[in-house]
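Asker: Let me begin by handing over the structure; questions about it come next.
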């Protein structure tokens, strides 16, 4: 239904540019495309009578605003089943003790259906209109995830995980099996016939794939012009193992396989070296910043400002279940926290060991509007889908959240636009996200 929303509208246009319209409007056509946005609805309607005719008006309250939907650039869908568990050990131990045994269960179709229905429901409830999902090694259950995203109306990139080495015997495949299943998955997703759900090539991480498998996956991505997702430089032990096996840097291992493209998003990037950052920029790759899991699994503090200034696109990832929440809003807060912690290290030298090479008195903390960019347009750009979604530019799909800051505790006074956004970011939850839209279709209505 063609609709015009009348009230406060906010979005970002770049990492440093936040735009808002108090008492503004946003118009959406029957196809779910944004056809008008700005301050003066009546002036727009007068100059666009054909578009304005027949629009249903929706009036927002003083405590409501429209914003773009959240983008989760990195989430492990099967690990939703162990959310909040096993976060007392570092990455490699956590994988072997908790995660690999869990993911092996997804050979059971009924179990996979139950979990995947739950994770799509939960992420949509929290305002995630676009997610980049890792599934498991299993072809059929990964197709189940794709079908579930289509059924519930979520925009998604979905990958069948590939791993043929350095994995437990009960959860490993041969390179031939991995390539065959990946090709079958790509074809299976395309047969679903939905432009909302797309396949993405997914080597789990460099350690879990042989050089031959990585190269084969790079070839498939090139042949079909596919998205690519994996992990990079999350944990110091992991990095040293990669260097020992591949005799190059972590980024170099992927680059030699043809896996670094302008459709590649790599999770974490906590310990990237300067030449790796430069390589990612040249290749047009992006990083999914996962501050929650980087903290939970004791991986480190990722310097987002360094990546952005180095020309690398950055989005946010929940990294469920290394991260303990499916909410990108929660991750947004954690990103701000990590930036403050880095500020402590760089300016206050709290290590107590004299001048540290990490010291930087010119470091600038992330601001909440910059973090909002990372959670929306930055994420869409990181996933190479910013031509479709991420903000309210004309012609894009209407992927949006209707936020109401008065749902739980009504403010004692009227708030400015900036205050509305800031209050939601710092004190809000999924309860404040009263409506969710994907491609113009209402997915959630009312507090659930």
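In case you wondered, yes, glycine gets a Cβ from its N, Cα and C as well.
According to Swiss-Prot:
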BINDING   74, 76, 231, 319  Zn(2+) binding site
BINDING   76, 77, 78, 79, 204, 205, 231, 232, 233, 234, 319  substrate binding site
Asker: Counting Cβ atoms within 10 Å of each candidate's own Cβ, which of the binding-site residues 74, 76, 204, 231 comes out highest?
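Answerer: The most densely surrounded of these binding-site residues is 74.
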Asker: 78, 319: which of these binding-site residues has the sparsest Cβ neighbourhood within 10 Å?
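Answerer: Ranked by other Cβ atoms within 10 Å, the binding-site residues 78, 319 bottom out at 78.
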Asker: Enter the number of other CB atoms within 10 angstroms of the CB of residue 233 (substrate binding site).
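Answerer: Around residue 233 (substrate binding site), other Cβ atoms within 10 Å: 26.
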Asker: Near the Zn(2+) site, what residues other than 74, 76, 231, 319 in the same chain have a C-beta no further than 8 Å from the centroid of the listed C-beta atoms?
Answerer: 75, 134, 267, 268, 288, 290, 293, 317, 320, 322
